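Scroll down for the structure; my scribbles are underneath it.
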Amino acid sequence: MERMPQWADVVLVPLISLLMAFILSALVIVAIGEDPVAAVKMMVNGAVGSTYGWGYTLYYATNFMFTGLAVAVAFHASMFNIGGEGQATLGGLGVAVVCLALPWPHWALALPVAVLGAALFGAAWAAIPAYLQARRGSHIVITTIMFNFIGASLLNYLLVNVMRPVGSMDPATAKFGPGTHLPTLHDILAVVGIPFSRAAPANISFLIAVVACFLVWLLIWRTRLGYAIRAYGKSEPAAVYAGISPTRIIMISMLISGGLAGMMAVNNVMGEAERLIMNSVEGAGFIGIAVALMGRSHPFGVFLAAILFGFLYQGGAELALWTSIPRELIVVIQALVILFTGALDNMVRMPLEKLFLALRKDDA
Amino acid sequence: MMDFATILQVFDSTVRLATPLLLACLAGLYSERAGIYDIGLEGKMLAAAFFSGAIAAVTGSVWLGLLAGIAASTALSGIHGLAAITFRGNQLISGVAVNFLAAGLTVVIAQDWFKQGGRTPSLIGGARFTPVKLPLADTLREVPILGPIYYELISGHTILVYLAFAMVPLTWWLLFRTRFGLRLRAVGENPAAVDTAGVSVVGNRYAAVAICGLLCGIAGAYLATALQAGFVKDMTAGRGYIALAALIFAKWRPWYALSSTLLFGFLQAIALRYQNIDLGGVVVPVQFMDALPYILTVVILAGFVGKAIPPRAGGEPYVKER
């Protein structure tokens, strides 16, 4: 018999965890002498109070959807891909290579190739840790951490020594051509007559991210491969007994995971910066961990959690602009969300299970 | 080619840079030997660096700073222990949370206390650890070869450097020659057996995590009050992860930890001194030197050069059978 009803497991536990994380965050705000209620009001106003705010919130959310899905897919195969940061960095390299290789005549031609390039480079960066895990038993967490640093050094080298335009001091690639400029939400919504901020960076990548959420759902719950991934994640011996090859599952799920993380670059490199700069990922790879944990590794959960983190990011930027609360408050909130929804899950779950068990006894 | 004085300077800087790595590596060694993975070394060091720098700046006493650093680091260890031991959560996720908690809180608090953009005021006088001049350093300085080695390389470091190096034999003795050490290693290999013998698995694991907090605290305090004069945002700069790499490189052994952290400290010293290294026509870029510790760790983990086998019960919460 289930220890508690499914709705409690899927909705109640994460909500309580989230609530605890937010209460502690509010205490931090009080401790540094600011008013948490005013802070929340300012965040709401700044993040969703205007189409400009929405444009930033959705822009950040797009990044987090990709990295969140990346972590979630690996979680389903019971692997912890902590290398989203490096994979997204390499994804940026893939986008830059595609965008700079040809004088693209139109974004509609450049976009699919860029998506492919980003996914390919991201997947390639996940491939080595995946292979080492599958064949040599090297712990995927440690190798993906190492690959984050190696990726950062590699990109640093390429930007300084190889891809920097002649005469430029800035360690960045040249600006991409006009044919790679992606339509922003302003352009897209203007077609159907909805006014939207012209200045905000949210672009067509948001729609790609939503499609990616749907496709991951399809993959995990509606295909044979998804079943194999979940089976392997739940129990390796059982999966092997059922004829599922661990090497194949580890490789495939990590390649998908790395590819998804890499695809984030379509949003931030191609959609926003329109050139490749140093440290363009800005920690979004790590936020994917919080997003996947909060979304319970379900694509719809990831979608919601990514929007929430997009809101926190944009709201936090507003706070930093208008109050003395630094941007790093968001890092604290992110840490607390990871702590409560991930590591301290049992702290919420155990008392709840007892409560439901007691209730059920009363009924009987 | 490098002359003798330059070589001495590079080795001297190797010792300085290896010290925080060594302390953090030994910290991780205690924790992981007891079966608790710790990727939160970075965060604990960072928190210790901030609180030691902050308290030293406010009180003017470096020793109070050190204590504050240790307290902060041990508090984070307590959170990790709570999640990993008591609530049997995922130790890796808990470590990630600790890292972010430290990265965020240090800047938020630093901004609130000092309003200097996430840093502490520069430490002066008694708020910093000063170099210790070993006996006869000046007298022996004129002795050829050995004199400068003694004066430059061995003498003239802060007390924390000597403490870190002394921790190596101490750790070896504690882990391999005492009952406490045997139990600590046993809970990392086969906790059920330890439990059967009537020894507390939870108690031993908490002890290991507490020692880990203590050592990370010293490592962080060293960064802010000895290596540099004050805390700056993200000043650990990945050292916690390099220490983790060094721990794997050392195959979870104290003496190997000394050599691996010295090696990684040497790489940092070289990268700091030379931008690009010309090896007879082949130029090694500085970025490659930066990445080398991580590349070496991946190679070791892949088992191409020796095999690194972690403690058997590492990462697994212990559940007593009912």
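Quick reminder: no glycine exception, Cβ is built from N, Cα and C everywhere.
Where the annotation comes from TrEMBL, it is an automatic prediction and has not been curated.
Noted in TrEMBL for the protein shown:
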TRANSMEM  A:12-33  transmembrane segment
TRANSMEM  A:53-75  transmembrane segment
TRANSMEM  A:87-104  transmembrane segment
TRANSMEM  A:110-128  transmembrane segment
TRANSMEM  A:140-160  transmembrane segment
TRANSMEM  A:202-221  transmembrane segment
TRANSMEM  A:249-270  transmembrane segment
TRANSMEM  A:302-323  transmembrane segment
TRANSMEM  A:329-348  transmembrane segment
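The transmembrane segment (A:110-128) makes no contact with the transmembrane segment (A:329-348), as judged by fewer than three Cβ pairs under 8 Å among residues 6 or more apart in sequence. In this chain, the transmembrane segment (A:140-160) lies out of contact with the transmembrane segment (A:53-75); the count of Cβ pairs under 8 Å, excluding pairs fewer than 6 apart in sequence, is fewer than 3.
Two recorded stretches are said to be in contact when at least 3 C-beta pairs lie under 8 angstroms, sequence spacing 6 or more; the transmembrane segment (A:87-104) and the transmembrane segment (A:329-348) fall short of this definition.
Tertiary proximity for the transmembrane segment (A:329-348) is limited to same-chain residues at least six positions away from its ends with a CB under 8 Å from its CB atoms, namely 13-14, 16-18, 20-22, 24-25, 28-29, 283, 286-287, 289-290, 293-294, 309, 312-313, 316, 319-320.
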